[in-house]
Each structure stands twice: as C-alpha cells, then as structure tokens.
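One structure is given below, encoded as structure tokens.
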Amino acid sequence: MSRIRIFDTTLRDGEQSPGVNLNRMEKLEIAKQLERLGVDVMEAGFPAASEGDFQAVKLIADTIKNVSVTALARTRKEDIDRAYEALKNTPNPRIHVFLATSPIHMTYKLKMTPEQVMEQSVKMVKYAKERFPEVEWSAEDATRSEWPFLAELIEQVIEAGATVINLPDTVGYTTPEEYGKMFKYMKENVPNIDRADLSCHCHNDLGMAAANTMAAIENGATQVEGTINGIGERAGNVALEEVAVALKIRGDRYGFETGLKLDEIKRSSDLVAKLTGMYVQANKAIVGRNAYAHESGIHQDGVLKNAETYEIITPELVGVSSNTLFMGKHSGRHAFKDKVNAFGVEMSEEEIKSAFKNFKTLTDHKREVTDDDIYTLIMEVKTEQSAIEKYTLQTFQVNYGTQNITTATVSLNTPEGETIQTAATGNGSVEALYRTIAELISYDQKLLDYQINSVGGGKDALAESHVQLSVEGQAVNGRGTAQDVLEASANAYINAVNRYLLKTQATKEEVVNG
Ligand SMILES: [Zn+2]
C-alpha cells in the first residue's frame, strides 16, 4: 500500500482556535506526544508572529528529532529568516510559505495582481530553498482560485524549488467532488507535478472536511494536513484521527496507509483536550466518549454474540483501554515511576518527586487512582511554568447554604512573597470565590469563560477547570486541577492571572533585548 503522509498542524492552525492559548511547555508536551503518535511532519508555529511563537517553535525544534518540524512564513524574507533561526537545530526542517491566490484575496487583502503573486511566490520559494531542504508552498484560498492560473503558478514554484504543494480549502467552502477534481486537474495540467508532493488542508465550516480530504487522497494528494480532535479556526480543521482510522478501516476502498501508531490516538486526543480546554463532544467520531458505547438492547445483544455486528472499530485499535489498572495508597514510588515510563513521558528526578507527592496527596482522598488521574498529575508538573514569580493559593473556605449569603475567605501568596487574605460574598460558591480572589489581585479582571470537567468517571474523580479571563484587557486562559471542584476552579483562575504575569514579563524582556 502506498503511504499518505500526515502533517499535523495542531500547534499552529489548531492553536489559532478562539480561546486557545498554549504556553511553551504545553506546546512541547503536545509535540512530544505527536512524535509518539508518529506524524510525519509537525507544524510548530509561526515564528514571525511574536517572540513567544518564535521561542516555542525553537524549543520544539531543539527537542524533536524523529519528526520533521516545520514553521509557517509569509512570502517575506524576514519571515523565512525568522523560521530559519527557529528551526536550525532540528534534523529535518521544513519551511511552509504561503500566499493567497484567489481573486478575492489578491484584490482586497493583498492588493496584488496575479502576476505579482506569481513573482513574489517564485522569488521567496527560491530564497527559502537556499536555506531549507524541504519547501512547502501553500496557495491560500486555493479552492476559490482559478485553476488555470493556479496550475501555472504551481509549475513555476516547483521549478523554483518547492517540494510540497498545498492546496488548502482555507474557508471550508469546497465539496468532495469539486475538491477531488481540483487535485485531478493539477495532476493533469502541471507538467512537473511529479517532482512535488500534493497536500490537502481542509476546514470544516460545512462539516465536509473529512469527506473533502478523502476526495483529495483519491485524486492524487499524498499529504494530509489536519489537527488532533479537529481543533482550529472557526469550525476547525479536519481531524487527523478520523482520516487515519478511515484509511485503516476502509483500506479495501482507498488502498493507502499512514505511519500513525493508531493506539496513541486516544492519549493524543486527551492531551490536546486537556491542555487546550477544547473538550471533545461525546459523539465525536473515533475519540468521543460514546464512540464505542452500544446503548440499544438489540445492538448490545448483537455485540455480545459477535462484536462485528455493530462494531466496525475496536476501542483497542485507537488506544481506548477498558481495563485501567488502578493504583492506590500503597503504591510506591517505584510503581509510580513505571507508570510514567509506560506513558512514554520523560521526567527528571525532581519532576517525579513533585508528581509523586501530588499522587500521595490524591490517594489520601481517592481510593483508586486511575491512569487518567496519574497522567493528569504528570502533565500538571510537566507544563508548569516555574520560572516566574507568581500568585499561589494558600488556603480558602467557602460557606454556601440555600438560605444564606455565600461567603468566601481566601488567602494568597503574592509574587512578592507576602501572604494576603480577604473575604467577600457572591450569589454562588464559584462567584464568591472568584470575587474574593479578584479583590486580592490588583489588576483589572473579567471572567470571560468558565468550565469544569471531571477526569474519568466516579464520584471521587479529579476535577479539571478551564477559565478564560480578561486581565488588563488581555485575554488569557487558565487551567487547574484538584480533587475538589472549588479548588480546581480557584487554581484555574490563579493560573490565568499567572499567565498574564508571564506574558507581561516576556514582553518586558523583549523590549529590553530589542
Ligand atoms: Zn488552515
């Protein structure tokens, strides 16, 4: 079977999802998981966008060795130079340059003629080729571009050195038949097309991203771009797990395979959901909580007699384990370490010590600690930004009663090392708690979004909270975990404030460093 290459853009296109804001350490953990999953290429970010983006791409490029790391650049020398700087330590770098080719984008956004777009693309692909072995060129808004113009442009950028040609459905507008025909047209009308890989990149605005991707594959695309869980701008990108599993299950129909380790899919999905706060709907294909649950009696009966009656995918195929091994109070440090290794996560002695301490605290309250709990504890430690002076929660108490006014008392440690305390009221527990914390922190704060979820099942499950705050007019996200929902909520709020502090500190450094 021939191989379809998987280009993951969770950290670039996915990170552009509204409300998603990953820090460097979180991006790195996702990158390592993508390496375990076995993607062929990962797009780590857009280095020219900001110092923070640059640093994140550099950290990933310095760490990831077994997957090609790429970064996005406009067709500008500064962008390509910046990407080169960020990617110079990775063994298999690739640059991804893009320019819009549709009449509407060229006229209104770029204010360039088609000839200028052609000239600029060729010039910058040549410039990029002098620095990178692999140059991917994207025709932004390809699906609303004129095919003969696009064909001529593709021929020229391949001549200039492009090794991958991407034809994105940037606005999620195309249909399977139309998108397939476009790939076929380019295959037939670009004389040097065999010197480059053809890539598809679909958005899901009309719910057709997966169908469009499969149509592109049937018509000559050899690379698929997408994200884990399908996160991304607006309605998101195609979900890579859907494409990979569809190719596997319907290999009879498509005749292609990917290099993905399918049993790493669930872990990848969970990690991305956990760190972005973009939880997966229960009925989502492949990774949804209900994707393998059979509810109706007739279905259950059939599955018991022969699983294939109603089950086309086994949960094991994508790493959904039914028999989680529990650890408890008596599990020692050695067993905990084995668990960390089983997840494939590398941790320093210091990090293990810290995670193990949290594990022990958890076993005081929770009899059976699951894999999901432990993974959550590990990720808490791995993604913590320890370098900054920050707020920490010391103690809090909330008094709630249906007849009483809800009151919260909170004591915080400040970045300056003081301990401050106050009390305030609210209509409910979370409101009282948040009001009290807000009173202690002198910035202008507004709560934009609040979520609470449980990790796994059971009434003693860990709680995981995500918040989005506006601090001094800047939107920041925060994430918190604890056994109690209020404590998780408090942690998430304080985490968001700390991220604001980190952002402003980083900006100050940028100014100092010029
Ligand atoms: Zn996109």
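Heads up, the Cβ atoms here are built off N, Cα and C, so glycines get one too.
Of the residues Asn66, Asn89, Asn229, Asn237, TrEMBL puts just one in the Mn(2+) site with Asp13, His201, His203: Asn237.
Helix, strand and coil counts under DSSP for the region 'Regulatory domain' (392-514) come to 41 helix, 54 strand, 28 coil. All protein chains considered, the CB of His201 (Mn(2+) binding site) has 28 other CB atoms within 10 Å.
By a simple count of nearby Cβ atoms, those within 10 Å, the most crowded of the binding-site residues His203, Asn237 is Asn237. Sequence-distant contacts (6 or more apart, same chain, Cβ under 8 Å) of Asp13 (Mn(2+) binding site) comprise Glu43, Glu225, Thr227, Gly232, Glu233, Asn237. Other than Asp13, His201, His203, Asn237, the residues of this chain whose Cβ falls within 8 Å of the Cβ centroid of the Mn(2+) site are, in sequence order, Thr9, Pro168, Asp169, Thr170, Cys202, Ala209, Glu225, Gly226, Thr227, Gly232, Glu233, Gly236, Val238.
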